[in-house]
Amino acid sequence: MECCRRATAGTPLLFLAFLLLSSRTARSEEDRDGLWDAWGPWSECSRTCGGGASYSLRRCLSSKSCEGRNIRYRTCSNVDCPPEAGDFRAQQCSAHNDVKHHGQFYEWLPVSNDPDNPCSLKCQAKGTALVVELAPKVLDGTRCYTESLDMCISGLCQIVGCDHQLGSTIKEDNCGVCNGDGSTCRLVRGQYKSQLSATKLDDTVVAIPYGSRHIRLVLKGPDHLYLETKTLQGAKGENSLSSTGIFLVDNSSVDFQKFPDKEILRMAGPLTADFIVKIRNSGPADSTVQFIFYQPIIHRWRETDFFPCSATCGGGYQLTSAECYDLRSNRVVADQYCHYYPENIKPKPKLQECNLDPCPASDGYKQIMPYDLYHPLPRWEATPWTACSSSCGGGIQSRAVSCVEEDIQGHVTSVEEWKCMYTPKMPIVQPCNIFDCPKWLAQEWSPCTVTCGQGLRYRVVLCIDHRGMHTGGCSPKTKPHVKEECIIPTPCYKPKEKLPVEAKLPWYKQAQELEEGAAVSEEPSFIPEAWSACTVTCGVGTQVRIVRCQVLLSFSQSVADLPVDECEGPKPASQRPCYAGPCNGEVPEFNPEETGGLFGGLQDFDQLYDWEYEGFTKCSESCGGGVQEAVVICLNKQTREPADENLCVTSQRPPQLLKSCRLDPCPASSRRHRAGTACKGLGW
C-alpha cells in the first residue's frame, strides 16, 4: 500500500515534467518559424495551358541562416492546350533557330525522354545526327517525359499526380480516370489476318471508337495500313500513313513507324473521332495485324425515379427501372446499347409501398398485407415457343412475353411492362436446331467393269447427318453421280463394244438401294413407304408400296396429304418384281423381257446374296480423334437376313468406308497416357 501511495503521490511531478518538455518543444518550433517572414504572393504561371509552375517566396528575418526553404511551388494552368499550340519543349528548341551554332543556322527539334537528365534542353539539328544541349535547364512546367505528368521545376524533375498536385502519386487508370478503378472502359485485343486478292484490294482491320486510349497496332507482312476517321459531327477524313513520323489526325496524335517487313501504329488517346484502321493490298503474301486498345464504355445504365403508384388509395406499390444513357450525347437510347458491354450490370428495380391511406369508399380502414399474400406482384407470362424456322443448320423460334397481374379472385389481366421490371424479362427469341444439315458423302469408286477399253465404274453415295449416321434429308439436286465412264489403257484384242458395258456387279444396285427415305419438307413431295414382302416364297413375285403426296405444315409441325397433282416430278414406282430364289431346288429359265426391271436389270437372278454396309465399328479412340470403319456383311437380298460370307463373291466386296469420331481434345492426363502408349508401341 505504501508503494502505491508513493507512486500516486509522485504522479503530479511526472505530469508537470511532461508539460514542461512539451512547452519547450512548442517554443522551439515557434522560434524556428518565427525566423521567417510570411509567404509572399504566388508568381505568374510559367505557362498559359498544358500545366505550368508558379512559386512563392519568403524572407529570413534572422541574422543567421534560417532552417527550411525560402521558395515553394505549385502547379497552375492545368488545362489542355489547343492542338495547334505544339509541344512546349519543341517551342524552346525552335527559339534557337535564329541563333548561329558554330557559325551556322539550324532548325532544332526536341530530344525527349533523356534518362540521365530529362530537364536539360537537348535538341537535334533537323536532317543531321547533331544533338546539342542548348540550355542546362528547360523552362518550369516542361514535362520530364512525354508520357508523364511529372514536370521540370528549377532544373529538377518533380513528381506530379493526375490530380495535378506536386508530390502526389495518384495515377490515372487505363480509362483516363484519375484515381479510377478501370470500370469505365474495356480492354479490346485481337488479331486480323488479311484475305486480300486482286479483286479485293482493301479491307477493314478494326474500328476504334471515339475516346479510346492506349492504342497499339502491329502489322507483319507486305501490306500497308491507312486510316479513315469520322467525327461526332459527321465529318470524314483519311490519312494514308505514307511515311514514318508523328501526325495530327482529327486532333489526335498518331505515331507511325514503317519498316521493311512491318508497320507499328500508336495513339495515346483519347481519340477525338472514330478511327477505322484499314489495310491495303501490297504484295502476294498474307499479312497479320495484332491490335490492343482500351475502349470507353459510353453507354451506362441509369436508375429512373419511381413510377406512379399502382393504386390511388388503400395501399399499392411502385417501382423504379433502369434506362440506357449515352454519355456522349447525354440522351436515353435503346437498352441494346448497354447490353453490348458485359461490364454493364443493369440495376435491379426497387419496390416500395405507396398510397397507404384508406380509401374513402371503404369502412375507413384497410389492412396492408404483404403483397405475396394479399396482392400478388405482377409477373412475366410467356406463350409456347413457335416451331423452329429451320429443320437443321440453325434457326430461330420466338414467343410472346407479357406482363400480367392477378387479382384476389384469381383473374389474370395484362398490365404495363414497367410493373414487371423488378425481375428480368424472359427472352422472346432463342436459337434452335443448331446442328449441321445432312450432307452427301461419296465413297471410293469401284473397279472398272472391263479389263480393257471403255467401261463403267460405280460408287456408293450416302446422306450422312451430324451424328455420322446414314439418314435422309439431303437435296437430290446436289447429290454426286454414282456412275461414270472409265477407260482401261490396256488394248482389247476383240471387237470393241459400241456402248460402255453395264456392271454385272452389285455396285449400282447397292447405290440405288442406299437412296435415302425421302423426308417430308415444306414443299409438296412424293413420300414412298417401305416395300411389302414378296408375294411368293420362291420364284418371281411382286412387291408393292404406298406413295403419297405430302407436305410439312411448319406452324403445327404436322404432315398433310395432298392430291397427287400437287407434287412435281415423276412419281416413284409403287410396284416392282421380286425374286425369292429357285423353287424345289431347281433353277428355272427366265425370260429377260419379264425380268428386265428386277434389281434394275443389273445382276443375274441366281445372285441371291450380296454385300451391303451395316453400321460402323466402335471408335478406335475415346478422345482426341479416332476412326470408325463401316461393317460389310453378306446379305440375302429377299429375306434381308445375314448369310455366310462364302455365299457372296469376294471380288465384288465394296471398298473400305472410314469416318472420324471422338474429335474432342483429351484431358492432359489422357494425353500423357496415350503418348506413353504410343512410345511403347514404337519400341522407345
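Keep in mind that glycine also has a Cβ here, set from the backbone N, Cα and C atoms.
Among CYS45, CYS119, CYS123, CYS144, the cysteine that TrEMBL records as disulfide-bonded to CYS76 is CYS45.
On a Cα basis, CYS66 (disulfide bond) lies 27 Å away from CYS45 (disulfide bond). When the alpha carbons of CYS60 (disulfide bond) and CYS76 (disulfide bond) are compared, the span between them is 26 angstrom. Note: the Cα of CYS81 (disulfide bond) and the Cα of CYS66 (disulfide bond) are spaced 40 Å from each other.
Taking the Cα atom of each, CYS49 (disulfide bond) and CYS76 (disulfide bond) are about 8 angstrom apart. Around CYS76 (disulfide bond), the same-chain residues at least 6 positions away in sequence with a Cβ under 8 Å from its Cβ are TRP42, CYS45, SER46, ARG47, GLY51, GLY52, ALA53, SER54. Within 10 Å of the C-beta of CYS81 (disulfide bond) we count 15 further C-beta atoms, all protein chains included. Just so you know, the Cβ of CYS66 (disulfide bond) picks up 17 other Cβ atoms within 10 Å once every protein chain is counted.
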